[in-house]
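Below is one structure, written out as structure tokens; comments come after it.
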Amino acid sequence: MKLNKITENAISLTLVQLINLVLPLLALPYLARVLGADSLGKVVFAMAISQILLILSDFGFNLSAAKDVAVYRNDNNKLFEIWGTVTIIKIILSSVLVFILYLSGLFFERIGNDLILYLLACTAVIGNIIYPQWLFQGLEQLKYVSFIQILSRILLFIMLLLCVKNETDIYWAVFLQSAGGLLAGFILIPKLLKIFKFSEKKISEKDFFIKQLKYSWIIFIPNIFGNLYLSCNTFFLGLMLPPSLVANYYIAEKLIRASISLCSPISNAFFPNQVRMFHEDKANALASTMKIIYILLALFFTGSFIIFVLSDFIVNLLFGYEFKEAGYLLKLFSPLPILVMLAIIFANLIMIPAGLEKAFSKIIMYSSVVNVFIFVFFVKFLSNYGAVLANILVELIICFSMFCVILKTGNSPFKYWREAFTELKLKVIK
């Protein structure tokens, strides 16, 4: 029964992730053609701001609070205490962050010109407060809430197609892409009432607030670097370049990240077996990793070559001639999937199974900081082409750093390159 519940929750989360990936990809060509490059760039910058505020206001509660809920799932009073504490902290954090955004609009022209648009994007931050997925994750009740979230996303996607007809509908475009959590949260209010039965409940004492903040902070610090590494680039680009250039970069990045998203499911499929093999026979595990590297290199080299050759055709087909520059950027982006694939193999199939989690976390943290300086420097001199080159350079730094660690700790799979190649060649011949 427990296994069925775990499987059910895993499927539910996978479906939500799939919808969150597919619907924006479907919406992007439509918005590009309807809004045009300049307005799409403003929408992209607004969504980048809201994403950063989401990461900061979430503060690690998605893991820390979910853990507490799992522990006290049968204590209704404690559940309410956890929910109330986390909700109040999120309201305070979100209010401070939105106020800082408002002040930035008063002092910085780049923000102030479209301040209403950026404040409208903060609908996503409000939705993150009233839609407590962490609560239902801890209670292992993800099937129903995942259905609500998927339904909300689909409804808003349909409304986006109906309401956004030209570039004057830019506010609708931002609001409808930001309101998923808000709509799902309102639909789930009866479910929350049923869980808590709010009579005679009280919010936590001061000590519990401090405890939640301290524990979430421990999780927040390492997580924020990895998340901001992916989210801040578009934000910095929006501060430095005109909206039309931001739009072209965003389209190219979105397409390349869609191809990169295939890396994680592949590595996740190998991960449990790699962990077991590392504990039983490290040499065999590393030899197996070398075979995986050969296979995935062949696949991703082929994929990157196809992207390089067809980039102009893909962009013109989906987005139109106005975004032809995105085709050039996508061509420049084409080596990135290979580098990301190598980084994921080094991390998930070698470093983590070998117990090198701390080294992995440090590499991500330091690379995220370095990324800011490299990105800003390259964009300043090479515009959005510099942004693409900065992405590739930072990923090279990550790969090289991981390679140095696994080499230094005696976990390099490359010493088995000959045996792995011979074995694969024999299998192909057979």
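Glycine is treated like the rest: Cβ placed from N, Cα and C.
Here TrEMBL flags 12-31, 43-61, 82-103, 115-132, 144-164, 170-193, 214-237, 292-315, 335-356, 363-382, 388-407 as transmembrane segment.
Fewer than three CB pairs closer than 8 A are found between the transmembrane segment (335-356) and the transmembrane segment (363-382), and contact between the two stretches is not assigned (pairs 6 or more residues apart). Long-range contacts of the transmembrane segment (292-315) within the same chain, counting only residues at least 6 positions beyond its ends with a Cβ under 8 Å from a Cβ of the stretch, are 251-252, 255-256, 259, 266, 270, 323-324, 326-328, 330-331, 333-338, 341-342, 345, 349, 413, 420-421, 424. Highlighted: of the candidate stretches 43-61, 144-164, 170-193, 388-407, 144-164 has the greatest count of Cβ pairs under 8 Å to the transmembrane segment (12-31). 43-61 is the stretch from 43-61, 170-193, 363-382, 388-407 with the greatest number of Cβ pairs below 8 Å to the transmembrane segment (82-103).
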